[in-house]
Ligand SMILES: *[C@@H]1O[C@H](CO)[C@@H](O)[C@H](O)[C@H]1NC(C)=O
Ligand SMILES: *[C@@H]1O[C@H](CO)[C@@H](O)[C@H](O)[C@H]1NC(C)=O
Ligand SMILES: *[C@@H]1O[C@H](CO)[C@@H](O)[C@H](O)[C@H]1NC(C)=O
C-alpha cells in the first residue's frame with residue numbers, strides 16, 4: 001500500500017517542480033566550507049542549551065527567546081520536555097535568562113513546542129507575544145499578554161486555521177493580525193527525507209486577521225523568516241533553499257507585491273530588522289546539508305547584515321561565521337546598542353560586541 005501512495009505523491013510532487021531548479025547539493029550548500037568571521041568578545045549565553053530558535057528584542061532591550069523546539073528530522077537535546085519562552089534583559093552587563101511562567105487554564109503546557117515568535121505593543125503599551133506552537137506536531141498560534149512585573153505570560157487565545165497548516169514564523173501587525181510563513185515541513189514528516197531534494201514550490205505566506213485570512217504570496221520552496229520594515233511599508237521573506245531574501249510592498253488591504261529579490265550565498269533562515277537603521281540581520285545555515293542530515297561534523301553558523309536593501313546596491317556583510325565548533329545551526333540574529341545576539345535551532349545562543 002505504501003508504495004503506490006508514495007509513487008502517486010512523487011508524481012504529484014514532480015509536477016509541482018519549478019523549472020530550472022538548481023541541484024539539491026547547490027540548494028543545501030552541501031559541500032560549502034565555512035570561512036570564519038568573528039566579531040569581538042563573543043560569549044555563550046548562560047542557561048541556553050536546547051535552542052534559541054527565535055528571538056525578539058524589544059526597543060527597551062527586553063528579549064523574548066523561544067527554546068526547546070522539536071522539529072521533524074532535526075536534533076533536539078530534550079526531546080521529551082516541553083519548550084519554554086525565556087526572557088533576557090540586554091541592559092544588564094552580563095545578561096542571563098529567566099523562564100517566563102505561563103498562566104492560563106486553556107493552555108496545555110506539556111505540549112508546548114514553540115517555534116517562531118513575534119511581539120506587538122499597543123497604544124496602552126500592552127505587550128502581546130504571539131508564538132507559533134506545534135502541539136502534537138500540528139500548528140497553532142498562541143496569543144499571550146506579557147506581564148512584566150510578574151515575569152509571566154498570560155495565555156489569551158489559541159488561533160487555528162486551515163490556511164495555517166505548518167507555520168514556521170510570524171510577524172505581528174496587531175494582537176490578532178499577522179503574516180505567517182507556511183513551510184510545509186511539519187505536516188508530513190515521513191516525506192521529508194526526500195522531498196527536500198526536489199525543490200518543490202509548495203510553501204506560502206498568509207495574512208491572518210479574525211475577519212479575513214488569505215494567501216498573500218506563494219511559490220516558495222521553504223518560506224522561512226518573515227519581518228517588516230520599521231515604517232511598515234515593506235515585508236521581507238526569507239526563502240531558505242533558494243537563498244533569497246524577497247522584498248514585498250505591503251498595501252493598505254494587506255496584500256503584497258514583489259518588488260525585488262536578493263540572492264545570498266547561504267541558506268537564509270530568520271530575518272530581524274533593526275528598528276533604528278532598517279538593516280536586515282539574517283541568521284543563516286552556511287552548510288545546510290548538515291542541519292538536515294546530522295553527521296559527526298556539526299552544522300555551522302553564519303549571520304549576514306543587509307544594508308540599504310531598497311536601493312540599487314544593497315550592501316551584504318558577513319558579520320559572523322563559524323564551522324559549528326562554538327555555535328551550531330544559527331537561525332536568527334538581532335542587534336541592540338552595538339551588541340549582536342545569535343540564536344540556534346537546537347543548541348546555544350551567542351552574544352557578541354559589534
Ligand atoms: C495535555 O496533553 C497531554 C498529552 O496529550 C494530555 O495527556 C493531558 O491530559 C493534557 N492536559 C490537559 C490539561 O489538557
Ligand atoms: C489591494 O491593493 C492593491 C494596491 O492598491 C491592488 O492592486 C489590489 O488589487 C488590491 N487587492 C484586493 C484583493 O483588493
Ligand atoms: C573549525 O574551525 C576551528 C577553528 O578555526 C578549527 O580548529 C577546526 O578544526 C574546524 N573544524 C572543522 C570540522 O572543520
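Here, residue 1 is simply the first one shown, and the rest follow in order.
Note that Cβ sites are derived from N, Cα and C of the backbone, with glycine treated the same way.
All TrEMBL annotations are machine predictions without curation.
Annotation source TrEMBL lists signal peptide at 1-17.
Taken from TrEMBL, the feature disulfide bond applies to 42-352. The secondary structure of residue 352 (disulfide bond), as reduced to three states from DSSP, is extended strand.
A strand conformation is recorded for residue 269 (Ca(2+) 1 binding site) in the three-state DSSP classification. The Ca(2+) 1 binding site annotation in TrEMBL covers 53, 168, 224, 269, 270.
Residues or ranges marked as Ca(2+) 2 binding site by TrEMBL: 54, 117, 169. Annotation for residue 117 (Ca(2+) 2 binding site): same-chain Cβ neighbours under 8 Å, separated by at least 6 residues, are 54, 55, 56, 64, 66, 85, 129, 130, 131, 132, 170.
Taken from TrEMBL, the feature active site, proton acceptor applies to 115. Its own atom aside, the Cβ of residue 115 (active site, proton acceptor) has 24 Cβ atoms within 10 angstroms in the protein chains shown.
What TrEMBL records for 253 (among others) is N-linked glycosylation site. In the three-state DSSP scheme, residue 253 (N-linked glycosylation site) falls into the coil class.
Every protein chain shown contributes to the tally, and the Cβ of residue 270 (Ca(2+) 1 binding site) ends up with 26 other Cβ atoms within 10 Å. What TrEMBL records for 270 (among others) is N-linked glycosylation site.
Marked as N-linked glycosylation site by TrEMBL: 323 (among others). Under the DSSP three-state reduction, residue 323 (N-linked glycosylation site) is assigned to coil, being neither helix nor strand.
Contact annotation for recorded positions (117, 169, 253) versus ligand 2: 253, each with CB under 6 Å from a ligand atom. Nearest by CA distance to residue 253 (N-linked glycosylation site), out of the recorded positions 42, 53, 224, 269, 323, is 224. A gap of 18 Å separates the Cα atoms of residue 270 (Ca(2+) 1 binding site) and residue 352 (disulfide bond). Following the DSSP three-state reduction, the secondary structure of residue 169 (Ca(2+) 2 binding site) is strand.
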